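Q: What follows is a structure written as structure tokens; I'll ask about it next.
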Amino acid sequence: MTIDNTEGARAQIGVTGLAVMGSNIARNFARHGHTVALHNRSIAKTDALIEEHGSEGDFVRTETIEEFVAALQKPRRVLIMVKAGDPTDAVIEELASAMEPGDIIIDGGNALYTDTIRREASLRDRGLHFVGAGISGGEEGALNGPSIMPGGPKESYQALGPLLESIAAQVDGTPCCTHIGPDGSGHFVKMVHNGIEYADMQLIGEAYNLFRDALGYDADQVADVFTEWNAGDLESYLVEITAEVLRQKDAKTGKALVDVIVDAAEQKGTGRWTVKSALDLGVPVTGIAEAVFARALSGAREQRKAAVGLASGQLADKPADAAQFTEDIRQALYASKVVAYAQGFDQIAAGSAEYDWNLHPADLATIWRGGCIIRARFLNRIKDAYDENPKLPSLILAPYFRDAIETAIDSWRRVVSTATLLGIPVPAFASSLSYYDALRAERLPAALTQGQRDFFGAHTYERVDAEGKFHTLWSGDRSEVQA
Ligand code: NBP
């Protein structure tokens, strides 16, 4: 371990921002044999890292940005892990002033992709490479192998790729890191990844709620179901940790911890960003949107308190066959997950087309198989589906998923209808099923919408039997004219 930089530029990578994520990634680089220059706005975090973990590898301690930059081999590679937003802009500016053309600045924070597009353009004008890298896996992933989604100029990946791939999670010998595409694409796909994570968590939450309120299971019983599911097609990090959270006991009361946690979910914003972007792109990500709204509703604590006791109407009896209902919930969860992922991948395709990014869905499924929060056996199926047909109109149409939904459909309908009859909210299960039914419908009520729009706003409509746009003279003789 070396903790000064008197030997000059010898670090392969620098990490600035040494809170939980930055320090764990710095340690991950060092554990993989890279010399890591360390920097943090306040020196205390740098010293704490060296004191506690300095023996894990070769670190270079620096106090100022100038010292930090001077410690790096060329082309210099600096990973920024500070709070997203203004702090990131401040650090980029400080670094850019001290760096030289050809050097690479990587933002590994959760930046909004449009900020990354702006930053990349501005640094490109100054001859610097800017890489917006989505990093998923939380603090544990950062230390032991995250999923990394670097965007930015392709040539920067030559100098950066091997370093990032060495610290990423590996699945079947393949690193969970690949060059995603230009400018903001890395942060864009990380944002959608987080949106899918919201949907996945909401669906799991709805399944848990059904076990608790429809079958009367306690937390341990639900944990057992999730543990069993984790041995099958639903195997995933989120299902695994669900069982762990449900089994946790509260030391103070002896109750299940989940029963003493306030039921108001918080959010940091990436789910909301995903939905906003989807609205702009015109992509129906109903599963993600329901998840974001469900968190918002859970957080409306005063309103909820005031509404407790409102009429439920006549409720049905609880399901008589618990084993059948458990299997129904498993099928509904799987089918709704397919929908949530299909919608997320649709958004990625739309973003790719909008920004001319040429994104490859199979690559994303590959690097999400390990390291990240949505890692799951399921991702192998998605990779196979896109490998087979990169231009799939929807994931739902891939033969494997089409068959899986066909198997699940009766269960899915039973779960949504039973939940409704029992007065148990299942917004994501229900909206996923409605999305599926709308997608497969031969006729949608949108024809009526078009008629209404033409009536009040002369917005015109297309006909099923002729080319062109048409308008009915609603306030005249109601004959039709070609627009
Ligand atoms: P935080 O997001 O809590 O940021 C703390 C770091 O930002 C500290 O090093 C702090 O320096 C630095 N900082 C701030 Br605040 N303002 C600064 C400024 N104006 N100039 C320079 N440095 C400044 O840390 P984190 O939770 O480790 O996350 C880092 C990034 O990674 C974030 O963008 C986050 O969204 C992203 N991320 C987090 C997770 C996760 O699971 N936590 C997962 C994936 C991505 P100081 O020590 O001097 O105050």
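Cβ atoms are placed via backbone N, Cα and C, with glycine included.
According to TrEMBL, the protein carries these features:
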ACT_SITE  LYS190  active site, proton donor
ACT_SITE  GLU197  active site, proton donor
BINDING   GLY17, LEU18, ALA19, VAL20, MET21, GLY22, ASN40, ARG41, SER42, VAL82, LYS83, ALA84, ASN110  NADP(+) binding site
BINDING   ASN110, SER136, GLY137, GLY138, HIS193, ASN194, TYR198, LYS268, ARG295, ARG453, HIS459  substrate binding site
DOMAIN    186-475  domain '6-phosphogluconate dehydrogenase C-terminal'
Q: With the NADP(+) site defined by the record as GLY17, LEU18, ALA19, VAL20, MET21, GLY22, ASN40, ARG41, SER42, VAL82, LYS83, ALA84, ASN110, how many Å span the farthest pair of C-alpha atoms?
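A: 21 Å is the greatest Cα spacing among the residues binding NADP(+).
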Q: Kindly point out which of the recorded positions GLY137, HIS193, GLU197, HIS459 have a C-beta less than 6 Å from some atom of ligand 1.
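A: Close enough to ligand 1 is none of the recorded positions.
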Q: Taking each of the binding-site residues ARG295, HIS459 in turn and counting other Cβ atoms within 10 Å of its Cβ, which one has the fewest?
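A: Each of the binding-site residues ARG295, HIS459 was scored; lowest Cβ tally within 10 Å is HIS459.
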Q: Mean pLDDT for the domain '6-phosphogluconate dehydrogenase C-terminal' (186-475), as a whole number?
A: 97
Q: Once the chains shown are all counted, how many other Cβ atoms turn up within 10 Å of the Cβ of SER42 (NADP(+) binding site)?
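A: Taking all protein chains shown, SER42 (NADP(+) binding site) has 8 Cβ neighbours within 10 Å.
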Q: Calculate the distance in Å between the alpha carbons (Cα) of GLU197 (active site, proton donor) and GLY17 (NADP(+) binding site), and round it to a whole number.
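A: Checking the Cα atoms of GLU197 (active site, proton donor) and GLY17 (NADP(+) binding site) gives a distance of 25 Å.
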Q: Determine the C-alpha span of the substrate site listed in the record, that is the greatest distance between any two of ASN110, SER136, GLY137, GLY138, HIS193, ASN194, TYR198, LYS268, ARG295, ARG453, HIS459, in Å to the nearest whole number.
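A: The two farthest binding residues have Cα atoms 48 Å apart.
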Q: Which residues in the same chain, at least 6 apart in sequence, have a Cβ under 8 Å from the Cβ of TYR198 (substrate binding site)?
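A: Looking at Cβ-Cβ distances below 8 Å from TYR198 (substrate binding site), excluding near sequence neighbours, one finds GLN267, THR270, GLY271, THR274, ILE288, ALA291, VAL292, ARG295.
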Q: So of all those binding-site residues, GLY137, HIS193, HIS459, which one's Cα sits nearest to ASN40 (NADP(+) binding site)?
A: GLY137
Q: Of all the binding-site residues given, namely GLY137, HIS193, HIS459, which is spatially nearest to SER42 (NADP(+) binding site) at the Cα level?
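A: Out of the listed candidates, the nearest Cα belongs to GLY137.
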